[in-house]
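Asker: Next up is a structure, given as structure tokens.
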Amino acid sequence: MNNINWYPGHMKKTRELIQQNLKLVDAVIEVIDARIPLSSRNPIIDELIKGKPQLIVLNKSDLADGSVSKEWENYFRQKGIRAFSMNCMSGLGIKNLFRILESMSEEKNRDRFMQKPFRLMIVGVPNVGKSSLINRMTGKKSAQTGDRPGVTKGKQWLKLKNNMQLLDTPGILWPKFEDPKVGLDLAFCGCIKDEVLDVPTLAMELIGILAENYPQMLKERYKLEETAETPLENMESIAVKRGCILPGKRIDYERIGRIVLDEFRGGKIGRITLENPGQSK
Ligand SMILES: Nc1nc2c(ncn2[C@@H]2O[C@H](COP(=O)(O)OP(=O)(O)OP(=O)(O)O)[C@@H](O)[C@H]2O)c(=O)[nH]1
């Protein structure tokens, strides 16, 4: 995971770098996390790439609620943005992506005698799967995961099929910080460090959301008879079921908090989406 500390100077630099790169490309692929399609968008992304053909990849669709992902695809399409679900781990959706890119590329070269490469770049907030998508598209382990604070050492173009080229370094954008709900969503999904809140509090917040929106999954995963009134009670029941008890019969909130967060992030509780288009403006 990327642990960049965003500060105004850094944001300005990143913005400038992306704007420079934008001049070189024909289209931008914005990767977002299908579980949190709004929270995982950069606040100025639309302004930043204005005028460039854009595609949204709802990545990690294997972890998200399939029917809600469909709603999100429609939501973005209604805004005039091509959007579709992908799973960069299995490659699901990659054919669709290439089909759309090829038609965009053909469109660009239609009246040209000399065919020009169709150039692309990938952008997104940390941990949404940008490098995984680059690897999928090139079919190689070319992109590295880890800290890359927005610095490119000379531009490298990765060759894709059908005369398409991809900038080897994705643009890592800052997330929206202002809204506490967004901060929580990003932390639940591992896009920012857990230190936003302590692990037990973060997990309790998540349990509250799951008990409200996906009670059946929560009950099944943690073998609960019923969900309780409060997130804390649910968390304590889950801790008991999982044996997270300290000497003196005290609940080990730290351990159960870690377990719930890890299981959510790994998709073990089920396919869950934390935002739906009905809630958005
Ligand atoms: N389940 C699931 N995990 C994925 C998917 N795509 C990527 N991941 C995982 O998500 C994590 C982040 O993926 P990266 O490709 O490193 O994401 P990134 O956006 O390049 O991350 P930064 O370098 O931090 O900006 C890794 O552990 C990947 O294995 C997906 O479609 N499904």
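Placed from the backbone N, Cα and C atoms, the Cβ positions cover glycine too.
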Asker: G9, G171, G183: which one does TrEMBL list with N59, K60, S61, D62, N127, V128, G129, K130, S131, S132 for the GTP site?
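Answerer: Among G9, G171, G183, only G171 appears alongside N59, K60, S61, D62, N127, V128, G129, K130, S131, S132 as GTP-binding in TrEMBL.
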Asker: Enter the number of other CB atoms within 10 angstroms of the CB of N59 (GTP binding site).
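Answerer: Other Cβ atoms found within 10 Å: 27.
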Asker: What count of other C-beta atoms do you get within 10 angstroms of the C-beta of G171 (GTP binding site), across all chains shown?
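Answerer: So the Cβ neighbour count for G171 (GTP binding site) comes to 25.
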Asker: Considering every residue in the domain 'CP-type G' (14-175), what is the mean pLDDT value?
Answerer: 90
Asker: Taking the binding-site residues N59, N127, G129, S131, G171, which residues show a Cβ-atom distance to ligand 1 below 6 Å?
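Answerer: The binding-site residues passing the 6 Å Cβ test are N59, N127, G129, S131.
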